[in-house]
Amino acid sequence: FFFDEIMYRVNSSIVPAACRLSQTRGYASFFEEKPLAVAWFTPVGVLGSGIMGGGIASTAAINGLNVTMVDIKQELLDKAMKDAEEMGKKVFDFQVKRGKMKPAFAKKTLEDGLKRIKCTTDMNALNECDVVIESIVENLDIKKKALGDLGKVMRPGTIVGSNTSSLSITELGQYYSDPSAFCGIHFFNPVLVMQLVEVIRTKDTSDRTYNAAKRFSELLGKKVVTCGDTPGFIVNRLLVPYLTQACLMLDRGDATFSDIDKAMKLGAGMPQGPFQLADFVGLDTAQAILEGWVEKMPEEKIFCVPEALKAKVAEGKLGRKTGEGFWKWDGDKIVEV
């Protein structure tokens, strides 16, 4: 979730700009007024209704698929539907302002899409699904149990894809009843806007599962890349060293954190510097992810937990959520430059 949130911070503040890229065909079909494609995946199951689960469910539904979304509490499902409606309105309203969609069409497309989502706390409801996306909390033990329970209710041959951003797909697959029907289907936040999906194939993943995962992602208007089961996959595997190296420069006294952020924004064209991004998502979360990867890959010297990061966490300065990290914050805005 940490690095999905980084991608969200890179893009969510410029969601309208991202929407301008819809003509590249990298975004879902609803950006143009045309009939929805007929899909052979129906219904779709989504296990988990958090930021990612709700985003996956609403994106699939808006693209014409029936969706069954499951979570442990009804209030979580209610919040997911509210968030999906708010994000949908934001995206569609911008398309209307650009003259790409008529107001009535945008309103009907969003309303009809959200009506295709059935919310329930009963996991047995997923039995009718052809494909299920697991998108629950990023905790190995919780995912293990959920996948074990899921395997008991699913029909043989059902495709199950995990949306994990940091856990091993191979390891998770061992807890599902049929590892050959299991793979990684990693979306990026916000799902409704971001065009990329990473499909992760393990040694156990069958050709049928792999091809189905790609096809499913494409039905949602996404561009698909394939990666083996390496920690972080492609995007996050490259983001981790970037953030780590920024902190190590601070450790060595090479530059101040503010100058590093300024350099990456003005010199590399980044919307935000590495310290601003890390602050926004939480320094404790960053530390936890890095510690987990160091433990799993001690031979990878590029992964470490920088002293600057550990010091901030020890002081309780966790970033935006505590009002101070590397930067000082007032809500979502930096107040001290």
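Using N, Cα and C of the backbone, Cβ positions are placed for all residues, glycine too.
All annotation found in TrEMBL is predicted automatically rather than curated by experts.
As annotated by TrEMBL, NAD(+) binding site applies to G48, S49, G50, I51, M52, G53, D71, E138, K143, S165, N189, K321. For K143 (NAD(+) binding site), applying a Cβ distance below 8 Å and a minimum sequence separation of six or more within one chain yields E134, I136, V137, S162, T164, L167, L172, Y175. Reduced to three states, the DSSP call for K143 (NAD(+) binding site) is helix.
Computed over the domain '3-hydroxyacyl-CoA dehydrogenase NAD binding' (44-229), the whole-number mean pLDDT of the model equals 95. Per TrEMBL, the feature domain '3-hydroxyacyl-CoA dehydrogenase NAD binding' maps to 44-229.
Annotated domain '3-hydroxyacyl-CoA dehydrogenase C-terminal' per TrEMBL: 232-329, in sequence order.
Annotated site 'Important for catalytic activity' per TrEMBL: H186, in sequence order. Long-range Cβ contacts of H186 (site 'Important for catalytic activity') within its own chain (separation 6+, distance under 8 Å): N163, T164, S165, V197, E198, V199, I200, F233. Secondary structure at H186 (site 'Important for catalytic activity'), as computed by DSSP, is strand.
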The domain '3-hydroxyacyl-CoA dehydrogenase C-terminal' (232-329) - residue tally per DSSP class, helix then strand then coil: 61 helix, 4 strand, 33 coil
Among G50, N189, the most crowded of the binding-site residues [Cβ within 10 Å]: N189
Those residues of the chain, 6+ apart, with a Cβ under 8 Å from that of D71 (NAD(+) binding site): L47, G48, S49, G53, L77, A80, C119, T121
Densest Cβ neighbourhood among G48, M52 (binding-site residues), 10 Å radius: M52
